[in-house]
Amino acid sequence: MRFTFTRQQDQTMHSLQRPGFRFWLTALFLTLLAIAGRIPGYALAQDTPSKHDLETTATEEARIATYFDATLGEIQEFIDARAETSAQVRKTLANLATTQLRLEQELRQIKGMARIVQGKPYETRGILQDLKSLRKEIRETRGPAENLFHELSARQNKIGLLAMETDQPWTRELPSSLQSKLADLKRALTQSEKEIKQHQVRLGKALEAIKALDDRAQETLVSIEKVLPGFWKRLLFSPRDNLLDRKSWQDAPSELKAWIAELPTLLRIQLPGSSGEWIDWVGKVLVYWILILTALFLGLRRTVIWQRMIKARSASHIHIPWIWGSLALALLSAFFTAGYRQTTLQLGLIYLTLFYAIMRAAWTGRMFEQAVGYMSPLRPVFLLFAGATILQLLDLPQVLASLVWLFVLGAAMALARRLQAPFFLERAIAGITPTICLILLVLALFGLLQLSLLLAQIGALTCLFLQVVIVVTSWLRISVERLPATLTMTIVKSLVVGFGSPLIWILGISAILGWLTMHMGSDFVFQRISTMNLSWGEYSLNFFRFAVIIVLFYLTHAFGNIWGQILDQKYFRWSRIDPGIIASLRTTGGYAIWIISGIIAVNIMGIRLTSLAVIAGGLSVGIGFGLQNLTNNFISGLILLFGRTIQAGDVIQIDQLWGSVLKINIRNTEIRTFDNSIIFVPNSELISGRLTNWTHRGDCRLRRDLQVGVAYGSDIELVKTTLLRVAKEHAHVLADPAPAVLFKAFGASSLDFVLRVWVDHIDFSLSTLSDLHEAVNHAFAQAGIEISFPQMDVHLRDTVPFHVTFREDTSSS
């Protein structure tokens with residue numbers, strides 16, 4: 001529909017839009033609205049709630065009722081758990097009391113034993129082990145009680161929250177029946193809170209008592225650990241029962257009788273005390289042995305090293321070390337998971353088994369590529385370790401133990417002389433073993449038996465450690481060699497070797513220190529070694545700093561290799577960059593890496609960089625006297641690197657010496673002659689002396705002159721044409737610059753020509769001259785040109801005839 005407006009309608013609309021008219025219209029509307037509000041029916045309609053409001057109110061009431069029921073349910077749960085909680089607390093307190101009495105009795109017994117064995121480190125070591133086991137049991141006993149105490153604290157906090165919820169204003173608007181029920185529950189909740197506080201007080205007192213027991217055990221442990229180093233010092237360095245003393249032999253029978261009498265007690269202490277403990281220990285060993293052996297077999301049989309060892313060696317040589325190794329690990333696992341007292345006899349058995357297994361495995365790894373089988377050269381070392389360990393376990397009288405030890409040393413010396421080994425390390429160990437045995441024998445003769453036994457064990461472990469390091473390092477290199485020959489994998493190889501080598505050494509040294517800690521019964525040896533400082537002035541170097549510096553050395557070497565691989569043209573084919581520049585960057589970059597590493601090492605040692613000024617002043621004096629040549633060569637090397645007078649790969653001539661530059665080092669330059677000999681020329685001689693570089697800046701072209709002499713009367717033009725043709729036909733003769741033939745001189749017996757050619761590369765200079773000589777000889781023969789040779793014509797003038805008469809000599813007849 002279309003709307004149209006007349007002129008009169010348009011004026012009416014314009015009058016409605018005026019401001020005055022709109023004001024009066026608004027006032028009229030408000031007045032009518034106020035009058036309508038006083039109408040009874042209208043007001044009633046406004047005050048009556050709508051259906052939506054009624055539904056909202058019902059929903060809120062339902063939510064309140066649901067929340068109230070849930071709160072009542074939680075309160076009821078606490079009330080119902082009161083009896084169970086009380087019973088649990090009583091049971092826990094009873095267990096704590098019983099266990100506390102037993103542990104206190106054990107602590108008193110341990111203290112008594114510590115007083116009895118005072119001065120005996122091996123027995124004191126067992127006391128320390130008992131104390132550690134006692135403290136472990138105390139902590140295990142405290143655990144359930146502390147958990148229950150924390151649980152009661154959580155319940156008390158929850159009760160407090162519930163009490164706050166039940167005191168909210170909305171609870172006063174509940175129906176009287178619900179309020180009565182809520183009041184009863186609140187009283188029960190208050191009673192539960194009071195009981196929980198009582199339980200906490202009782203548990204707190206019991207925990208304080210058990211903690212006091214733990215503190216007493218800790219004090220005893222600390223006090224024994226303080227005196228244990230003194231016990232070891234007296235045992236190892238105080239001579240007693242000297243074999244050269246008559247009194248020692250007189251007391252030997254009575255000491256042997258006393259030892260035999262104490263032997264049953266010793267066995268009862270060292271062996272499991274009941275059949276149940278025997279069954280438990282043997283069962284654990286068998287289960288762990290089967291599991292570990294299976295895991296080792298399945299995990300190693302598919303490795304590359306295993307396959308190579310199987311191909312090189314028989315299966316028995318491969319399987320025996322893993323059988324012994326798995327048995328050692330099973331014994332170790334059973335030792336740490338046993339529920340009864342751990343004994344030194346079990347620990348000694350673990351030592352022997354583990355040493356033998358590692359020895360067999362290491363030697364198998366050393367020999368896996370050898371066709372000829374050799375027995376392990378560490379057998380004398382194992383004999384020393386086993387003999388020392390058994391003698392320490394048996395605790396024989398000093399004289400008898402010394403005699404047995406002398407017999408073991410003699411057997412080890414005899415066995416070492418019969419050994420054969422294909423490797424330097426094993427030959428060195430076999431060669432030094434008799435000398436070490438003699439030193440240990442002297443110590444035992446003069447009453448230092450225990451020191452002799454301990455040194456034998458440490459020496460045996462050191463030999464085993466060196467062999468294991470070599471084997472693991474070799475396997476590590478074999479593994480990384482199989483990685484693809486890409487830049488990323490090359491970097492990975494360098495990092496693996498850089499981190500792996502020092503890590504193997506650190507782990508080996510840590511293993512020896514760990515064994516020493518277990519043997520001594522305390523970590524005081526490790527603490528003293530780790531805190532031992534080599535100090536001079538304000539600077540010091542301890543064990544950890546030394547280890548960090550060693551790791552830094554290997555890492556610096558690895559980063560130097562990485563830098564060289566990055567610049568290798570094998571990976572970056574920078575066609576526009578001179579190979580000599582890359583060699584210079586490799587050398588200078590290597591210097592920079594080592595300098596940065598040296599600064600870090602100096603900082604680790606605690607030397608301030610400001611103190612280097614004094615050192616530099618001292619070095620300046622040394623440079624002026626003793627280090628002048630070294631500094632001169634070093635500066636000359638830098639000049640060669642940055643001045644690029646010579647570069648790696650250049651062919652140079654020094655006087656009559658020809659060779660190719662291999663590398664410019666910090667002190668000298670390596671040159672390979674054409675006879676394949678390596679000559680080290682000081683850098684200063686290359687700077688100050690006369691030097692010819694035949695391939696400077698990569699220009700390998702070389703001019704060569706071929707001397708040719710022809711007979712007088714030869715056609716000169718034919719000679720020139722023939723020589724040029726021969727030169728142009730050769731593959732290594734350049735066309736630009738073109739070959740040239742020069743008529744040099746009239747010789748005594750020949751016309752001397754020079755064939756001047758440019759060879760494309762210096763490597764073909766000698767072979768090209770040889771080929772040209774052959775070709776010229778053949779071409780001259782075909783062209784009929786005579787090659788002259790030195791000759792002399794004799795002309796006789798005014799000759800006088802003379803007669804020659806031959807007569808027979810008849811005097812002899």
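Each Cβ is built from the backbone N, Cα and C atoms, and glycine gets one as well.
Features as listed in TrEMBL:
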- 182-209: coiled coil (COILED)
- 281-300: transmembrane segment (TRANSMEM)
- 321-339: transmembrane segment (TRANSMEM)
- 345-363: transmembrane segment (TRANSMEM)
- 375-393: transmembrane segment (TRANSMEM)
- 399-416: transmembrane segment (TRANSMEM)
- 428-448: transmembrane segment (TRANSMEM)
- 454-476: transmembrane segment (TRANSMEM)
- 496-516: transmembrane segment (TRANSMEM)
- 543-564: transmembrane segment (TRANSMEM)
- 585-605: transmembrane segment (TRANSMEM)
- 629-696: domain 'Mechanosensitive ion channel MscS' (DOMAIN)
- 706-787: domain 'Mechanosensitive ion channel MscS C-terminal' (DOMAIN)
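When Cβ-Cβ distances below 8 Å are used as the criterion, the transmembrane segment (428-448) is approached by residues 236-237, 239-245, 377-378, 380-381, 384, 398, 402, 405-406, 409-410, 412-413, 416-417, 419, 421, 455-456, 459, 463, 466 of the same chain, each at least six residues removed from its ends. Non-local neighbours of the transmembrane segment (454-476) in the same chain are 236, 305, 355, 358-359, 362-363, 365-366, 378, 381-382, 384-385, 387-389, 425-426, 429, 436, 440, 443, 496-497, 500-501, 504-505, 508-509, 511-512, 515-516, 519; each lies 6+ residues outside the stretch with a CB under 8 Å from one of its CB atoms.
Helix, strand and coil counts from DSSP across the domain 'Mechanosensitive ion channel MscS' (629-696) read 22 helix, 25 strand, 21 coil. Under DSSP, the residues of the domain 'Mechanosensitive ion channel MscS C-terminal' (706-787) split into helix, strand and coil as follows: 36 helix, 23 strand, 23 coil. Cβ atoms under 8 Å from those of the transmembrane segment (321-339) belong to residues 280-281, 284-289, 292-293, 296-297, 300, 346-347, 349-350, 353-354, 356-358, 360-361, 364 of the same chain, restricted to positions at least 6 beyond its ends.
Note on the transmembrane segment (375-393): residues 122, 270, 344-345, 348, 351-352, 355-356, 359-360, 362-363, 401, 404-405, 408-409, 411-413, 415-416, 419-421, 426-427, 429-430, 433, 437, 440, 450, 453-454, 456-457, 459-461, 463-464, 467 of its chain, located 6 or more positions outside it, place their CB under 8 angstroms from a CB of the stretch. Long-range neighbours of the transmembrane segment (496-516) within the same chain, counting only residues 6 or more positions beyond its ends whose Cβ lies under 8 Å from a Cβ of the stretch, are 351, 458, 461-462, 465, 468-469, 472-473, 476-477, 480, 525-526, 529, 547, 550-551, 553-555, 557-559, 561.
Restricting the average to the domain 'Mechanosensitive ion channel MscS C-terminal' (706-787) gives a pLDDT of 89.
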